[in-house]
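Peer 1: The following block contains the structure, expressed as structure tokens.
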Amino acid sequence: MILILFQIANLIVSFFTTFYIASCLTSELYAVISVSFIITSLTNSFSFTGLDNYVSRNLYYWKKTDKKHYSLVMTTNAMFYRFIFAIIIQIPLSVYYAFLSVDKFEGDYYIFFLSFGILSSVTALNDTLNLILRANNHFILAAFYAFLTVFVSKLLTLLVFLKFGFHYYLYSLSFVPLVMLILQIKTIKRNFSFGVLFSIRQMLKQLVNRRYLLYSSYASFVFNYVDNFIVSLMLPANVLGSYSFMKQIYAIGKTVIDNILDPVLLNLVALKNIISKAHEEYKRIYKIGRSLFVMSLICIPILILFGRDILEILHLDHYCYIYPYIICCYLALVAYLLMKIPFYINVTIDSEYLSFKIYLVTSIIYIISSGVTFGLLPADCAALTLLISNLLIIGYLFSNRSNSIWNQISSYSI
């Protein structure tokens, strides 16, 4: 119940600030904000070392089996090297920032993009810390920190926007992750010690050992963000603004789904070696997912019939192609809800190789879907890439379930 209340509060604040600020800006100006989201996603994905997911997949198990020192070593190095890699990745990304500044914004905003990129290393570290919190079964605490950060930071940046204008608002976005960092570091300070840091040689060995998780992260970037990246390179700023606003709504929707289902799905991690108990837990989770799916279907006709009126009331109808984008966004979220449970089980509980294989296949699906959609269809159909990709991923998961742990858990019988 507490998690649901946090989600409702976060949803209200996120939607209000996102919609309000978007309603006050042209799609060209919103494109500047969208670039900050792309910068964060690039930094998060390519600062990944593989240790993050390795820890999140096993930390709960290590603590149950009294491997506390090993968990301390792996947690510390996952945090430290994630931050270091996030700083290093800004060197090649500075070329991308320069291209966007010149090609989309007439040479403006380069300093903002660069400073935001450097501070996005804090966001990458927050991502690792949040995984560690969740792996420690601190879901309520993690959700509370997320709630507090979203609630306070969104309102503060909104006040900056109202009082000082767009440019000061942009720079206020850069410092939002620092709030989350302080809270999370304080909570897990007993879970790390810089006296157990790996040498460079040891770290390289870990990268080799965790290579499938590392590859999975790069493939995950394609899975989650390649469409934004392609749009930023190929399409004009006004379309980038509209598309990115839609993706922001999609990200909020995914976060709500994840934070509702992830706490119950975590139980399967502890039961992964006891198939009979995992099967009973799976049946309970499946019922929750099915109920959410049915409720989501009810909203589809409402959105189709009254979507244009809603956008006009919210003063968002000046964004180009926004109505078809929002329709596709919602349908893609319904599809994401359908694939969430099997996808989580396969990439979190099953082998690292299978996780990599799934991310690789889904990445290829997204690349092909994005290429076809952006290259062959008109700009008002760009958001179809989300829906098409999610439907193809559902088809792939269900057609390749025979050797997966998902199949063992879901179809177990005595």
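Cβ from N, Cα, C; glycine included.
Residues or ranges marked as transmembrane segment in TrEMBL: 5-23, 29-51, 72-97, 109-127, 139-162, 168-185, 212-237, 249-271, 292-310, 322-344, 356-376, 382-399.
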Peer 1: Is the transmembrane segment (29-51) in contact with the transmembrane segment (356-376), using three or more Cβ pairs under 8 angstroms as the rule and ignoring pairs under 6 apart in sequence?
Peer 2: no
Peer 1: Out of 29-51, 72-97, 139-162, 168-185, 322-344, what stretch is closest in contact terms to the transmembrane segment (5-23), meaning most Cβ pairs under 8 angstroms?
Peer 2: 139-162
Peer 1: Could you check if the transmembrane segment (139-162) is in contact with the transmembrane segment (382-399), meaning 3+ Cβ pairs under 8 Å among residue pairs at least 6 apart in sequence?
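Peer 2: As far as Cβ distances go (cut-off 8 Å, pairs 6 or more apart), the transmembrane segment (139-162) and the transmembrane segment (382-399) do not touch.
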Peer 1: In the same chain, who gets a Cβ under 8 Å from the transmembrane segment (29-51) while lying at least 6 residues past its ends?
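Peer 2: Distant Cβ neighbours of the transmembrane segment (29-51) are 21-22, 74, 77-78, 81-83, 85-86, 88-90, 93, 96-97, 100, 104-105, 109, 112-113, 116-117, 120-121, 123-124, 127, 166, 170, 173, 203, 206-207, 210-214, 216-218, 220-221, 224-225, 228-229, 232, 237-238, 240-245, 247-248, 319.
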